[in-house]
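One structure is given below, represented as structure tokens, and several questions about it will come after.
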């Protein structure tokens, strides 16, 4: 098990180094612009490298999922479309159309769909019936784009994805679903080399980005896994409301940003710099602090979901808690709470520094007085 996990890790690692050279040759790089403030041209091959590693594993373990070949085909299509988008910047409408078509294929060939949401309203289990097909299309597109939208600073997409897969892995192992839990661990180990290179662990020259290809692939993987373990027509292992908490932060950020765009009369897919990570950076937080803060919040949300599942907290309470959290999240963003928090921290640090300087001055004065007294006595 450990040997294979490390093999997956080094497989991705080697793929990243090899694909970097290819990316520079074909121009598959991200250059700075008004919305992107990184330095230099960065290869957009993180998703392709991770896909190659995941493909190796799934080909080696075709029975770990019921419809492995179809999943790989869908991921391959998303990777190809994502690479073309990274290179030529295609229309978001075309990307959405591809995502919708893949969702229809998934539902038709696997019967995986968002039909059952449990007793979240407190009136008994809720099934969508025929409406499940439309709801699933919107749900899959939402999940894919939620993870795509959080890919704004180094390490964030990888970090939040690892949080989600870690939560799933824990619950799967806890419910004696070792194979699916192991798959989640494989996905984590496949992403770790990317996170390291994305954050510059091997130098700025070796830095890579995920690209739309990788972001769409991860979003689709997440929703495929969640549908597989929450729906009765698959292998129900955890309640659907728990899945909301495992991907809470990407969902909340996407919903909040789309609401603000629509309110301003813009397209919900209009690119801007109003995501949570942008707001934190404008508030004066460093990138590392922003990354740690957002991943910590995402981990807290996932932990709430895991604990709610373990202790069988009523689904209605879990759902109401999710809605209340989202409302508070949106309200605090609108009131620019990251800036206020940073100002409070800066003020506290300034006060502490001032008290320290004042204390040092008092100590110096005391020492000087003692020295003068000693000298006068000596004289």
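Cβ atoms are placed via backbone N, Cα and C, with glycine included.
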Checking feature assignment: transmembrane segment per TrEMBL, candidates 130-148, 263-281. Which range matches?
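Per TrEMBL, the stretch marked transmembrane segment is 130-148.
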Kindly say whether the transmembrane segment (241-259) and the transmembrane segment (40-58) touch, using the definition of 3 or more Cβ pairs under 8 Å where each pair is 6 or more positions apart.
no
Quick check for me: are there 3+ Cβ pairs below 8 Å between the transmembrane segment (209-229) and the transmembrane segment (64-85), leaving out pairs under 6 residues apart?
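Answer yes: the transmembrane segment (209-229) meets the transmembrane segment (64-85) with 3 or more Cβ pairs below 8 Å.
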Cβ pairs under 8 Å only, please: of the recorded stretches 92-110, 180-197, 291-311, which one is richest in them relative to the transmembrane segment (40-58)?
180-197
